[in-house]
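A short worksheet on the structure shown next.
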Ligand code: MRU
């Protein structure tokens, strides 16, 4: 099933609750904007491309539930919903990209009924396109992988970070589909363990060999010659850096030191052509993510905590960007990729 989808009968958003994986595979339904925003903030749905779909469907919820009786009021309701959605996760640019794309689509509408249809249509289109885009990323990216490669990845840039197939894991899936034998080393990805909980689970579902390590083992593992290539996803790509899950930057330095190719796989909706490292807000997460694992306390209750969700990897540490438009080796001009 898809990670997130629109149920047109019940006019609700259905998604896999990723906070419960790998213990439980449970599908939840968000029937209003508040429950969808809660699901985004608490990472029930997560990963930049899946957040784009969530943003689009959030607008579909807003238009469905609005009681506005004039175009002006409805457009205002949509703008308020857009700001609320975008504020839930500030770093992954795909969320804002999708919400703004849906807003832009309403410019073609002329009455209350047509606006509702347009918003829902555009939201579904964003989700459908995501799957095609990831397959295209996979088609290009698989060429970079050789039969027998061991690929290290960080966090989860798989089908659960997208509507389906995945970006970084999509490249691996496409290589396996071509008959190449690929095995994966998944970094645990503290504090929320998306690598340990989700990447391992989804690769095992597909019978792709995967070995789990803690984040702090990556240097040792690369030094031991256990890694042929590294592929990660991205949450925002600016002119100078790639923002991805905290820990990515460290892996990129070690990979560079050991001359291990370091690839970033992402759709062009992840590119922020107006952004630079110092213009982007890095999401700071709740301190309790470091003080507890589930209900188990693992640090002093009141210890001071620094918990940024993402870091920035400079382009010079990146061997190539894999997109649905092809493979680009830095230094690249983002505007040219987006043309
Ligand atoms: O905080 P998350 O889980 O939403 O973080 C997103 C990620 O999983 C990664 O950073 C990922 O590599 C990019 S999204 C395909």
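Keep in mind that glycine also has a Cβ here, set from the backbone N, Cα and C atoms.
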- TrEMBL has 46, 47, 48, 194, 244, 245 binding substrate. Which one of 2, 89, 285 is in the same site? 89
- Candidates 47, 155, 194, 244 (recorded positions) with Cα within 10 Å of residue 235 (active site, proton donor): 47, 244
- Task: Go through the recorded positions 46, 47, 89, 194, 235 and pull out the ones with a Cβ less than 6 angstroms from some atom of ligand 1.
- Result: 46, 47, 194, 235
- Maximal Cα-Cα distance (Å) across residues annotated as binding substrate, namely 46, 47, 48, 89, 194, 244, 245: 16
- In terms of DSSP three-state secondary structure, what is the assignment for residue 48 (substrate binding site)? helix
- Note on the structure: What DSSP gives for residue 244 (substrate binding site), in three states, is strand
- Query: Could you state the CA-to-CA distance between residue 48 (substrate binding site) and residue 155 (site 'Transition state stabilizer') to the nearest Å?
  - Reply: 12
- Query: 194, 244: which of these binding-site residues has the highest Cβ count within 10 Å of its own Cβ?
  - Reply: 244
